[in-house]
Amino acid sequence: MDTPGEEQGGTKVLTVVRRIVRRVVPAQAEGLTQSVVPEPARAAFAADSLPKTTTRPDDISMGLTSLMGRSRTKEHRPRTRTQDRKEDMKEEAKQEEEEKVAVEEKEDKSAMEKTEEATATNPTAPTPASPKVNPFTPPAGFIPAPKPNPLAPPVGFIPLPKQNLLTPPPGFIPARKPSPVPPRQNPLARQNPLVRQNPLARPPGFVPVHKTDPLAPPAGFIPKPRPVAVKKPEVKETSSPSVAPDGKPSPVARPQAQSATNEQVPQLTPSEEDHRRVRRIFAGDANDSKLIEDPVAILQAAHSAAAQAKTEEQLTAETAWYNKEKVWLVHKDGFSIATLLKAKAGSLPEGKVKIRLESDGSLLDVDEDDVEKANPPMFDRVEDLASLQYLNESSVMHSLRQRYGSNLVHTHSGPNMVVVNPICAPSMYSEKVMQMFKGCRREDTAPHIYSMAQAAYRNLLTTRQDQSIVLLGKSGSGKTTNCQHIIQYLISVAGSTNKTFSSEKWQAVYTVLEAFGNASTCMNGNASRFSHIVSLDFDQAGLVTSASIQTMLLEKMRVTRRPEGESTFNVFYYLMAGVDSSLRTELHMNHFAENNMFGIMPQTKTEDKQRASQQFSKLQAAMKVLGISGDEQRAFWLVLGAIYHLGSAGATKAGRKQFARHEWAQKAAYLLGCTLEELSSSIFKHQAKGTLPRASSIRQACDENGTTDSGSKASGMDCLEAMASGLYSELFTILISLINRALKSSQHSLCSLIIVDTPGFQNPRLAKRECGATFEDLCHNYTQERLHSLFYQRTFVQELDRYKEENIELALDDTEPSTSLSIAVVDQASSQALVRTVRTDEARGLLWLMEEEALQHGGSEETLLGRLFSYYGPAEGESKGHTFLLKSEKDHHFLLGHSHGTDWVEYDACGWLNYAKLNPASTNATILLQDSQKKIISSLFMSRTAGATVLSGSVAGLEGVSQLSLRRATSMRKSFTTGVAAIKKKSLCIQIKLQVDALLDMVRRSRIHFVHCILPKADALKALSGSLFKAGECEAQGEAGDPGLMQLDVALLRAQLRGSKLLDALRIYRQGEAATKLTYSAQANKCT
């Protein structure tokens, strides 16, 4: 028997033999044993396959012999790398399965073929039993359908070409190939190796990513074709413009200004209407005067024409102009163009020249001083007056008039600006025009009040220094309107934190201010009767964080007294026409008195009543926007109604000082929340006790019958007028506090921009009035005079000092800094702190003399004017000379020459000493309001601080919330509480000077921008002076008004230019700039 080891070895031998047989014998022979075929077919197939298995018997025999020998000797083959053997066995098993499947398929196919062959050769042979049919076997010849591939592309799909990762992007510019010649090396690179490679430098061929423009049109947008050049009308003859002796402008032919072929004028769409517009601007076409102009197109066309280079034809025309020696002949009514002729030596007297007028060709011999050189026509509409080649008075007036006729009312004057009042041009200040100047520099845009505001705002952001814009000019020249435009621009462009300041809110502010502070005067139908300073505070980001308004010099006496033909404040007319039935009943205004001692009467015309009613509704809506509650508004209407009823009550003429009509006084007491006895005591009590000195001599006026013994009536009326004016002053002060409450903010501010707007020069003679100017007019004219002196000081004194420090020589005829002497006539102070009680020979101003005469026994207006003329009047036997004070033919009248003697105003001094006396009734008005039985009144006026009552009627809006507003208020209070001011804080006349001093001190700390507002014609606002509400009509009419308004009064324009010293400022600015450039260039040449 074999041992177990031998049995086990035999089993291994058989397994190895089977593997060898499978490798040696073909795969078809091994798979025949498992196929399902008939026995005959299997026998035939085995017979055919047998020779194949016996083709290599020697190899099999040798392999078996070797294996059997090893098994007997128990010698095992050394096995290494067992892991490889296992992998080989897995591969062999996989190959065996694949071979098995292939053999079965081939075997089935061959078996079926042989079966058919055998059936065909032996038809009688018995049919073998049919094998079992597999129901899942497909029929013969079956071709299965290809399975759809979900990832296969659709029919007709054309794949994209494969992107080469090395392909450069579109627009790639390859770097230049290095030249065989080595470039020059930077000498610094040899010394410093860091210079050779800049780590921030862009590699060669770098293409920056295109920045997306948020205003760019969408993809595929096709704009309409636009011609890029504007073809201007050709002018065959460049004749000089002629000026009629009456001062009216004649059509001016402009030389051809065709731009070069390579120049383009952007942002213009020259349609037919645009061609007519440009034709009107540059050729003075009178046929298109009624066209509604596009202000943006006008400004762009004018600025583009000024920026274009001169063409050859323009240069030729300019040379011909200089060869003809064109001049201006200055005369009383204006100036005319003429040609200077060359005369033989000795043919003319010394100082005479011969000219030929262009208007009629006449020859004249005139003085040399009456002739000024004229600039070529290309300077007719120059944007900066400092760029005129010949800078003289006639050339400046001609440029201003030509620009004004072309609806170009703004002109640069060196660093300042000149604005001629357009009267009616609301489209010139639209939102579209506002966006035109946003973020632009001065040299990039046309002159405009928005460009001045933008320049101040840019300086504020770059220098972090306070800025101020001071508006100068006559009454009716448009100062308040320009102030509103400046504020609207800054609010729109700069924006505000949390959107607290909106355009609607500022419109509401000025709607309220115009109602309570404006009135109709002889020169302006909607004139401001108070001075105000608007302060806008900005943070580091340039956003508006807070705002405030301070007011001063309110004409509170206008409530009770005013010149003939003028009106009281607008709000009284609004109230009487616009209140509803319930409020009218509460105010006891269902019936109006036939006579009112204050002259407050309702409108008589139906149209005026309708306009007043509309304005009252607008006023109520504006107060609601500012956060003034219904109860606060009701308190305002109650006080205004009480003032009206006090005027209807009047005062008795003789006997006991009391009301003339107690029924109207009872209505006033009811509205104020007090009894009739309390009201009467507040007005007349102090007079009865004799605390009001010389009440009978205060009012130097005659009654209607011409009698002079009306002292009792005058004294009683003075007390009544003091109470009414005190009530209105307190009301106006509370109104400013409520406005500042709506504008306040506690956010941190960095710097401020201040806009100063004061009533302009008032001269009744300019409006052809025979009456004299009032004391309030003197205060406003004095304030304007002080602001002009500040302009003179900044323009001349500081500039001359700067040029002297830099050793720059200027060739000026008059370089002596001198302000107008009319200021000294008004406010020259005494050498001592206290007001003198004894008359001396020391010269003092009018305000100081009024204080002294009010305290002197027997003082009157006659003694006041006598002392004033002794100090400042002309000496005996002299005419005007250098004095600015003259006597008038009328009693108690005098003439004062403002604006360096160019604007003489006649004043009526009757009753002026009344302004120097503190009437107790005016101070009792505050107590009466605070102690009112009506809570809506007492709670509103109890909010007044103790410090504000000291300056009652003087300055309003001193309360502040932001740091900058508190700092400004503190600086203004110091003017009233330090030094000499502390002694005279109760003096009403001295307070006027102190208020103006405080204003100038605040402005001097900032960078000042001056805007000179020009009144075009004396009767320009005549249409507005007849009604209180025609200013609104003007805005509705737009440019469809009277074309005659676009003409200038040359005599009035000359007086305004001379009074403002604008020409002198331009000369020193231009010479200083030129000298500075030459000095800097010389220093640069020395350095090189």
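Glycine residues also receive a Cβ, built from the backbone N, Cα and C atoms like all the rest.
Curation does not apply to TrEMBL; its annotations are automatic.
What TrEMBL lists as ATP binding site is Gly473, Lys474, Ser475, Gly476, Ser477, Gly478, Lys479, Thr480. The compositional bias 'Basic residues' annotation in TrEMBL covers 71-80. Annotation source TrEMBL lists compositional bias 'Basic and acidic residues' at 81-93, 100-117. According to TrEMBL, the compositional bias 'Pro residues' annotation covers 168-185. Among the features that TrEMBL reports, compositional bias 'Polar residues' is placed at 256-270. The domain 'Myosin motor' annotation in TrEMBL covers 380-1072. Taken from TrEMBL, the feature region 'Disordered' applies to 39-147, 168-276.
Taking the Cβ of Gly478 (ATP binding site) as centre and 10 Å as the limit, one finds 26 other Cβ atoms among all the protein chains shown. Using a 10 Å Cβ-Cβ cutoff, Ser477 (ATP binding site) registers 26 neighbours. Residues within less than 8 Å, Cβ to Cβ, of Lys479 (ATP binding site) and separated from it by at least 6 positions along the same chain comprise Leu471, Leu472, Gly473, Asp757, Thr758, Gly760, Cys1013. Remark: Ser475 (ATP binding site) has Thr521, Met523, Asn524, Ala527, Pro759, Gly760, Phe761, Gln762, His780, Leu1015 as non-local neighbours, by Cβ distance under 8 Å and separation of at least 6 in sequence.
Around Lys474 (ATP binding site), the same-chain residues six or more apart in sequence whose CB sits under 8 Å from its CB are Met523, Gly760, Phe761, Asn763, Leu766, Cys1013, Leu1015, Gln1056, listed in sequence order. Taking the mean position of the Cβ atoms of Gly473, Lys474, Ser475, Gly476, Ser477, Gly478, Lys479, Thr480 as the ATP site, the remaining residues of that chain whose Cβ falls within 8 Å of it are Asn421, Leu471, Asn524, Gly760, Cys1013, Leu1015. The most densely surrounded of the binding-site residues Gly476, Thr480 is Gly476 (count of other Cβ atoms within 10 A of its Cβ).
Around the Cβ of Gly473 (ATP binding site), the number of neighbouring Cβ atoms within 10 Å comes to 26.
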